[in-house]
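See structure below.
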Amino acid sequence: METLETMRWVDGCLEILDQTLLPGKTQYIKCRQYTTVCEAIRRLSVRGAPAIGAAAAYGLALGAAALKPAGSEEFMAGVEQIARDLTATRPTAVNLQWAVDRMLGVLRDNITGGIEAAKEKLLAEAHAIYREDLESNRRMGQFGEKLIPHGAAILTHCNAGALATAGIGTALGVIRAAHQAGKNISVYADETRPLLQGARLTTWEMVQEQIPVTLLTDNMAGFLMARGKVDLVIVGADRIAANGDVANKIGTYGVAVLAKEHGLPFYVAAPMSTIDFNISGGHEIPIENRDEQEVTCFAGRRVAPEGVQVWNPAFDVTPARLVTAIITDRGVARPPYQESLAALAGK
Ligand code: MRU
């Protein structure tokens, strides 16, 4: 089995696996400047909430290392600008903001020790964020696997796998854990228009892992459920509000409505860093709008007429009432989420 790292730190350089080329080509982008990291996040070379958090942390460490300030105040101001540039790349996944805030906290705590020492602390923190995600994935897998019955056919949307994280993935981490537990599961993967994370990345991960996987286009999910072929749905998340509303890849909401209609459990797997307690409900989650060419073109070829208007939100919001349970790295939250998520966070 081929195991690819989503990103790796090699001799002072962040190497990011260019996921836009998968599954056809394996190529790493060498990032020596934080602006290269910003660009890689923006163009989805690295994508998935936990992965862009880790990439942004490394980006901040790279940017800070390159600064040659006259004093600590100038250094702080420079790093804060880098933090703003990194968080501006993609607005929906809160893990990005979370990782950058954590890095800034480390900087504030260590600035009195000198600039060079602070730069080292920042790099160490980026490594820690990456490592912790690995462990967090493993724990979600353990908690979530218990919810998966033997022989289950599982529908997933987008890619919440190893490629979206540092470890085995969130939704796909649970699927991997169930597979390893010998549960004889199988997977249905929505292709996930417009950028095909399901077709290109999820099926690729499952094929590598030898987990039985069937690809379908997004508009086939309802009929698949009506035919009784799905037992449960599991997806990842980009941001979860304090009340349990879930922002995830566009199309997730439709799948959740379909699951409700067919009486199927709809599970969300996400680390605690994806829960935004500052946001009371899904209506407050900023939704990224992306370039219209993602919709008007297919495989580099224009398929829609010139002049057509396009709506291209990258994410949607699934209301908490459609979510059966949220699998976190601290345990499984059940409705009412306002209380259960707060309890997991120790609030
Ligand atoms: O636009 P993307 O590919 O970054 O969107 C990714 C998703 O929506 C994932 O489901 C989510 O980030 C969870 S990844 C563990």
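From the backbone N, Cα and C atoms, a Cβ is placed for every residue, glycine too.
The active site, proton donor feature in TrEMBL is assigned to D238. Positions annotated as substrate binding site by TrEMBL: R47, G48, A49, R90, Q197, N248, K249. Annotation source TrEMBL lists site 'Transition state stabilizer' at C158.
Shown on the structure are the features that TrEMBL records.
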residue: R47; record: substrate binding site; Cβ within 10 Å: 25
residue: G48; record: substrate binding site; Cβ within 10 Å: 29
residue: A49; record: substrate binding site; Cβ within 10 Å: 27
residue: R90; record: substrate binding site; Cβ within 10 Å: 24
residue: C158; record: site 'Transition state stabilizer'; Cβ within 10 Å: 29
residue: Q197; record: substrate binding site; Cβ within 10 Å: 26
residue: D238; record: active site, proton donor; Cβ within 10 Å: 32
residue: N248; record: substrate binding site; Cβ within 10 Å: 29
residue: K249; record: substrate binding site; Cβ within 10 Å: 27
According to DSSP, does N248 (substrate binding site) sit in a helix, a strand, or coil? strand
Distance between D238 (active site, proton donor) and C158 (site 'Transition state stabilizer') at the Cα atoms, whole Å? 11
Given that the record lists R47, G48, A49, R90, Q197, N248, K249 as binding substrate, what is the largest C-alpha to C-alpha distance among them, in Å? 17
Centre the Cβ atoms of R47, G48, A49, R90, Q197, N248, K249, go out 8 Å, and tell me which other residues of that chain have a Cβ in range of the substrate site. I52, A93, C158, N159, A160, A164, G236, D238, A314, F315
Could you state the whole-number distance in Å separating the C-alpha atoms of G48 (substrate binding site) and C158 (site 'Transition state stabilizer')? 9
Could you state the whole-number distance in Å separating the C-alpha atoms of R90 (substrate binding site) and C158 (site 'Transition state stabilizer')? 17
Integer Å distance between the CA atoms belonging to C158 (site 'Transition state stabilizer') and R47 (substrate binding site): 11
